[in-house]
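Some notes on the structure that comes next.
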Amino acid sequence: MGSGLDDEEALSDFEEDDLDAAPVVLVPASANVTHSAADNLKSTLAELEKERQARRAAEAANAEADSQIKRLKTFVHETIRQRDEAIKSKDERTRQLEEALQSKDEITRHRDEIVAQRDELSRQKDEILRARDASKSEIAEVARILVTQADKIMSIANLVKPFSGGPSRFPKATGLVAIALGFGMRMEEVVEEVVRQREEAVKRRDEIRLQMEQRNYSIAIEVSELEASITQLKVQVSEKSLELERNQKQASEAEHALQEQLGRTNQEAEDLKRRVNEVENQLSLVNKCISQHVQYAAKARDSLLDVLQLMPYVSESDVEVTVIGEEGLQEDPLASVRVLTELAGKVESYWKQNQEAFVKQKEDWEAHMKMLLEEKDDLVSKMIYLENGDSALGESQSVMESRRGDIGLERLSEVSVRLDGHESGEGNEGVSSRESEAANESVSSNQDNSDLTSDDCTDTHKMNGEVRQQPSMEVLQEELAAFEKRYDQAVLKNSALEEELRFLQQEIQRTANSARGEIEKLQLVVANQGKEIAEKTAYIEDLEKVAKEHYESYTSELIAAEEDVARWKEAATAEAAAGAAVLEELEKRNKEGLNVVFGTCWVVVGQIITLNERISELKEMVEEANSKVSSKEQMAMAAIAARNAAERSLQIADERASDLRHRVEDMTRALEELEPGGDFWARGVLDMCWPWMRGRGRPGINAGGPQPVRNSAEMEELLEPWLR
């Protein structure tokens, strides 16, 4: 039995076809040997059938492996195709970015060309202005030549006296017409030779005028053409400015700057509001002081009325004229000053009879006048400082308001003090007592309001106890009127600055809103691009996972195939060892079968080597795909960096474009300011060259004067550009 099994194992490697093609011829033996040989043959055939089925299973597994390899290849090709498409899309975006940069460079170049054209137009305009000045100088030279020629002609005639102090002029005309008409008034006294010379001079003058008209006509045509071209260029510049404004892109830095500027503006607005409140508080304090001083002015008025009643040469009608009610003084504080001024004037007019009393106080007058002059100089210096302090308008206004109240209080106190001085000079004890009471009340009220007024106001109230004099009332009125005018100007300026501040706040708010909208759009675009990049990155990661899974499956299948091959080798070795004895007996018969078995083994080994090579190729392809994915990620990062750099360059270009636009606007404004008006050419040159046209459209001028030069339709057509 053992030998039979060994024979079956030895014959299991033979193919059925080989057995059919080369049948084994057995040596005839006994019947038992024949029966055992038949059994061995049947078992061998069964083993061959099993081996055939195993071979078919191996071929099916090989075909399955080939199909999986093909699917892997198609997957790798699809991955490569998607990678190429991604590279193409990236190249397309790069190309679009380059086209955008090229279009931006083209716009910048076109803008530079426009600026160059504008400079060229400015240069041409300067040349035209120089030509105009040259023509003006030529016209003046022609007028001078005409005058000198007239003097020469008059000097030739012996019977006619030459012009003394220049040629005579016609009273109803100007320019060359006046000279010509004045010269015509003397023509009756000139001899025929002077007439002939005058005709020749007139001919030369007509030729010069014709040349001047032609030249002026050509200059007018050139000026009109230049104005049209300047208008077109202005339109183009405005269109390009609008286009640049549409292409502007603001970033987070611009928004931050706008927010900071808005914050500063709001802070300035709050400061201005605070200063305005302070000014209003000071105005209320000043109004209180004015109301108090109105009361003091009423008392001073009563004192002056008493003085007038006590003075000689004063009638009751004069006293009644100067009386004004209490309500009028409270409604108009300046009315009290005017009343006091009027009363003081009357006191001064009636006090001239008592100048001996004032002579005694001359030295006091001089000292007090010096002090008032010093105070006036101080006031003027402070007013100049307040007028020049435009950078601190709120503080200037507050100081001006306080100074105005101080000056009003000071002037009122001076008037009362000086009038009290007059009353003390007369020696009226009753009036002096009222004066002392009013002074004491003024001092007490100033002490009560010392916290509400400035140091200058307190210094002014201290002057109530000093020697009091009375300067001219007209000077005091002029100073008050001037200070009132300056105060009104400061208030108007403050209101204008507040209006401008509100306008700037609105403009900054509108600019900030537009910048926020643009920034939100940019953020939305960046978010969309980030989403696309994230989706593509996730897709690449999925592809990597699938490739890794396929690689792992193929590796496991390869390991299983290697294990199967090892088992096959072990089985073949065992079969070869077991069938060594049979092979010795059947060496010739089994030689071909062994060759077939070894051939099959070598085929399997070759297939294993092929599978190893394919696996190595797959590994290389996976590594290449990984390297391409990493390169793609690097390219994506580079594209993002390039996009950020492009956005930064666009921001810089937008900033430069805005700066250039401001410069273009400034230069355009300067160009418009330099454009010549029509008054000089409308009247000055016409009056000099064509004085007979001066009366056209203006009746009463040169109505009856002669017209020595022809006035035709052609002349009117030539003069039409200058008459617009």
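If you go along the chain as it appears here, the first residue is 1 and each next one adds 1.
The backbone N, Cα and C atoms fix where each Cβ goes, glycine too.
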Legend entry - Segment assigned the feature coiled coil in TrEMBL (from 179-220, 347-388, 473-514): 473-514
Legend entry - Annotated stretch (coiled coil, per TrEMBL) among the listed ranges 31-68, 297-334: 31-68
Legend entry - pLDDT averaged over the residues of the coiled coil (31-68): 78
